[in-house]
Structure formats: C-alpha cells, structure tokens
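What TrEMBL annotates here:
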type	residues	note
ACT_SITE	SER356	active site
DOMAIN	44-101	domain 'Alpha/beta hydrolase fold-3'
DOMAIN	113-172	domain 'Alpha/beta hydrolase fold-3'
DOMAIN	278-421	domain 'Alpha/beta hydrolase fold-3'
DOMAIN	477-543	domain 'Alpha/beta hydrolase fold-3'
TRANSMEM	6-26	transmembrane segment
Amino acid sequence: MQGTLLLGLTLAAFTAVMLGGLRILFFQLSKLQIPPGVDQPGRYRLAPENKPPAQYEDCLTAAIHFMRNSEDYAVDPTRIITAGDSAGAYLAAIVTQTLSMSKGRGFFLKATVSEAYRLAPEHKPPAQYEDCLTAAIHFMRKPEDYGVDPTRIITAGDSAGAYLAATVTQTLSMFVASFILLVLGTIQFEISNTEIPPGMDQPIKLRIIHGFLVGSAVLGKILERMGLCSQLNFVRCIRYGKKPGMDPKLFVKDLNFETVPVRVYQPRASSSGQRRGIVFFHGGGWVFGDLDSHEKLCRYIARESESVVASVEYRLAPEHKYPAQFDDCLTAAIHFMRNTEDYGVDPTRIIIAGDSAGGHLAALVSQAVVSRPGLPKPRAQVLIYPFVQGLDFNLPSYLQNCKVPLLFRERVPFFALLCLNGDVSVLEDVLEGTHIPTDIKLKYKKWLSLDNIPEEFKVRGYKPQLFIECKKEVYEQVKEICEPTFSPLLAEDAIFCQLPESFILTCEYDVLRDDGLLYKKRLEDSGVQVTWYHVEDGFHGVISMFDNGILSFPAGKKALDKIINFLRGL
C-alpha cells in the first residue's frame with residue numbers, strides 16, 4: 001500500500017514539475033505593424049536592399065491588418081482571398097499557409113515571435129537549432145507573459161526556418177515519450193537505490209524532491225548526448241529558484257564587492273543603532289547555487305534577525321578551479337568588513353555564515369580573517385552542516401547515511417575533486433581512503449579520531465573500516481584535499497584559538513554530520529564557545545526546505561529559527 005502511494009505521489013509530482021520545465025520556446029517577440037504606405041495589394045520591401053523574410057513579413061502583416069479591419073473596407077470577412085503573380089504568388093501561398101495554421105486559434109500574429117538565431121557560416125550547426133529550441137522552450141514556459149494560451153502554440157518558419165521549425169517540433173514531441181520513461185526510471189531508481197531511515201522527517205516529501213533532482217540529472221544527460229546542452233548547465237537551470245517579488249520589509253540591492261557579485265538585504269525599519277552584518281556563502285557542492293537559489297533563506301535571516309545580509313555569488317567549479325571560490329568569498333568578506341558604515345553595520349558584530357559547501361567556505365574565511373591586520377574580528381561564525389575535511393570519507397555518518405537523500409556518500413568527494421582539479425577518475429580510491437599517506441594520518445589522527453565523536457552517533461549500523469595502504473599516485477593527484485587551505489579542520493591550534501563564537505548545525509541523517517561534530521570538538525578544545533543544534537530528524541539540505549510550499553519541512557523551519565535566536569543574541 002505504501003509503495004503504491006509513493007509511486008502515485010511521485011508520478012504526480014514529477015508530472016506537475018517536469019511538464020512545466022519542458023515548456024520552452026525560442027523566438028523574439030516581433031511587434032509587426034503595417035509600414036507607412038502599405039495597402040492592398042501589399043507594397044512589400046524589395047530585394048536586394050531588404051533580405052528575406054522582409055517580403056513575407058510585410059505581406060503577412062498587411063494581410064492580417066486587412067482581415068482584422070475588413071469592416072473598414074465593407075468586406076465580408078468570410079470571403080477574403082490572397083492572390084499574387086510570379087514571386088507574389090509564392091508570397092500569397094506562404095501567407096495563406098501561415099493564416100491557415102492559425103485557423104481556430106485567433107490570428108497568428110496575436111503572439112508571433114521571430115527568432116534571430118545565429119547564422120552560418122560564422123556559426124556552425126547545430127547553433128541555429130540550439131537557438132531556436134532554446135527560444136521555443138522559453139516562450140512555452142512563460143506564455144502568460146504574452147497573453148498566449150499554452151495549449152495553442154505553433155512553431156512555424158519559411159525556407160530554412162521551416163526546417164528549423166520542423167526539427168524543433170520533433171524534439172519537443174520526443175520529450176513527451178522520453179518524459180514518461182524518465183519518470184518511470186526515476187521512480188525505480190528512487191525506490192531501489194535510496195534509504196529513508198524510519199526517524200526521518202516527511203519521508204515521502206523527501207523522496208519526491210530527490211526523485212525530481214535525479215530525474216533532472218538524467219534528463220540533462222540525455223540532452224547532453226543529443227548535443228543540445230550540457231548536463232551541468234541544464235541541472236543548474238532546473239535547480240535555481242525563481243526570485244520572489246519585492247519584500248515590504250527589506251531593501252534588496254545587487255552590488256559588486258570588488259569583482260564579486262553580491263546581493264545585500266537591509267531591513268527597511270529604522271534602527272536605533274548599527275545593525276549586525278552577516279556575510280553568507282551559499283551551498284551547492286561548489287558547483288551549484290547562486291544568489292537566487294538562496295534568496296528565500298537570506299531574506300528570512302535578514303528580516304527575522306533584523307540584520308544586514310550580504311549574500312556572495314562566488315565562481316563555481318568546474319569552470320573555475322579552487323581556490324577561486326575561496327578567493328571570491330574572502331574578497332567579499334574583507335570588502336564588507338572594511339565598509340560597514342556604508343550599510344549601517346556595527347563592525348564589531350559581523351558574522352560569517354554558510355551552508356554545506358558554503359559552510360566550508362565560511363570556516364576557511366573565518367580562519368583567514370581572524371589574524372589579518374587592519375580588519376575587525378568577526379563576532380561569530382555560523383556553520384550549517386559544513387564540509388571541513390577531505391581525509392576520511394568512512395566516518396560513521398558517511399557509512400550510516402551513504403544512500404540517504406539529498407546527499408549520497410560518493411557525491412561529497414566527487415564534488416570536492418571536481419572543485420579542486422576537475423578529475424574524478426580517482427573517486428573510488430578517495431572513497432576507500434587510499435589517498436592519504438600514513439604520516440599524514442598520524443599527524444591529524446588526534447583531530448580525526450573516532451573518540452571525538454560521541455558514542456550515541458556510532459550505534460546505528462556502523463562498523464569501523466580496516467587499515468588501507470596509501471597509493472602514492474593517488475595522493476599526488478589529490479594532495480590539495482589534505483591541506484588546511486581546503487580542509488579547515490586541519491588548521492593549526494594558533495588559528496583555532498583565535499576563532500570567534502560559533503554556531504554549528506548538524507543533521508542526524510546527513511553524511512556530513514560527523515564533520516560538524518569533529519569541528520565542534522576542535523573548537524571547544526581550543527577554548528571557543530560553541531552553540532550546537534542537532535536536527536534529530538533532519539537531512540542534508542533541510543534548511544533550504546523551510547519554505548518550499550507543499551514540499552516544506554517543519555524540521556528546516558525549526559532549525560532556521562534556532563539560528564535566528566542565536567543571531568539575535570549577538
């Protein structure tokens with residue numbers, strides 16, 4: 001019974017979400033009007049001064065104008081004839097075809113779009129097809145912007161344009177069959193390859209969300225193999241949220257801190273003094289995410305904590321290798337700390353924050369600025385399920401939650417390698433632990449020891465791993481993952497003892513749970529005050545689901561409010 005219910009809910013959710021994602025069209029709006037002097041018969045623009053389809057456009061425009069205003073000429077609208085001689089007969093024929101296709105759908109030009117696609121020979125195929133398909137999908141996704149019925153959209157073109165229109169139509173038609181297979185395959189994958197522990201919050205919702213992410217990745221791979229777009233760009237497009245409208249309680253500005261794009265959220269309400277300032281780094285495995293993906297989260301933090309939030313859009317991997325991500329975050333943080341007066345921020349109350357990969361960057365930036373002369377010391381750091389070390393991917397949480405959405409065990413080193421050098425060929429070796437030489441294991445053993453993880457977190461299905469010899473060639477390829485510049489847990493004691501008061505959030509059903517626990521222990525051993533909140537029924541990414549419509553998670557909202565309470569106390 002539960003399996004049937006899950007299948008039905010997942011199929012319904014996929015149908016609603018994915019069909020919306022497949023409505024796409026690629027033509028620029030062309031507001032055609034009858035040129036001065038054009039009457040019946042059409043005095044269209046002539047070649048060679050005017051290249052096709054100028055002639056067709058003029059004739060079609062004139063014909064539609066005449067048909068829409070037949071009463072001005074005492075003409076029966078049911079007895080209108082198109083005619084022409086020689087080249088005019090050709091134009092009459094294609095105008096008639098166009099008007100016939102729009103029969104029963106209103107006039108074609110009520111929503112005609114003309115695509116200015118890239119031209120040969122400057123741009124080789126399939127550039128023309130890609131442009132037309134992209135425009136078609138865009139148009140189909142937002143027909144309401146143009147007052148168009150989404151069930152009555154037509155693709156059309158003349159000459160080479162007719163070929164492109166036919167190809168685009170075939171592609172969009174194939175999506176329907178592919179979509180059905182995709183949904184069925186995703187449901188099968190979701191049921192057979194994921195594990196939802198009994199204590200998790202809202203398990204069916206989690207399966208639906210994870211199924212959508214898996215389905216979008218599969219569809220992206222299909223499109224990539226068809227030569228239409230890269231899987232990475234497609235998944236990024238699907239994942240990025242729609243920016244909400246104006247917030248009555250916030251001023252929202254897009255700025256640049258040096259060369260780094262930043263979105264600043266400032267409360268509209270007057271304040272008796274300077275506010276807290278929060279520099280926020282988004283998550284997404286260093287590969288996904290932008291200002292829009294964390295818009296709701298940053299607005300909520302700014303509004304509810306009455307703080308100024310600067311959300312940073314750092315460069316993403318694999319296009320930009322590490323340390324580009326860290327460099328951008330550090331640049332933005334330093335700029336904000338040096339210009340607090342521009343935003344009404346108290347320089348003694350600056351907080352560095354981030355979630356997941358953003359939590360990793362927040363930890364590194366906090367370490368970088370605490371000892372830098374000429375900068376105010378951060379008041380606190382907020383690390384939301386952070387990644388802090390790349391030495392051991394066999395900690396209890398990695399093995400207990402290896403197949404728990406939304407972050408599988410193998411995804412963590414996969415994203416880390418993609419960020420560092422783009423080469424994931426040694427992924428299996430890194431998962432096994434053969435990338436760490438014995439001397440490095442011994443050097444950092446006291447900080448990675450399982451003794452630093454409370455016993456209650458080692459009960460659920462955990463078996464310690466056997467010792468594995470290092471492969472030198474693997475270490476040489478990924479040795480940057482073992483450096484404190486990428487793994488903040490490995491920083492020296494002299495750095496840790498300077499770090500500010502910290503808030504660390506972990507989730508029970510998250511592979512990164514033990515990273516957070518180890519970092520918490522290291523901070524406490526260094527004399528740093530730590531506020532720790534553990535989401536007992538939470539999973540990786542739950543914070544971002546605090547306000548996700550019918551797919552919201554109460555655990556995410558509760559955890560986010562814990563963060564707000566911590567911030568209010570600073």
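Backbone N, Cα and C define each Cβ position, glycine as well.
Note that this is a predicted model, so its numbers are computed, not measured.
The listed stretches are 44-101, 278-421, 477-543; of these, 44-101 has the most Cβ pairs under 8 Å to the domain 'Alpha/beta hydrolase fold-3' (113-172). The Cβ of SER356 (active site) has 29 neighbouring Cβ atoms from other residues within 10 Å, across all protein chains displayed. Across the domain 'Alpha/beta hydrolase fold-3' (477-543), the DSSP tally of helix, strand and coil residues reads 28 helix, 19 strand, 20 coil. Summed and averaged per residue, pLDDT over the domain 'Alpha/beta hydrolase fold-3' (477-543) gives 97.
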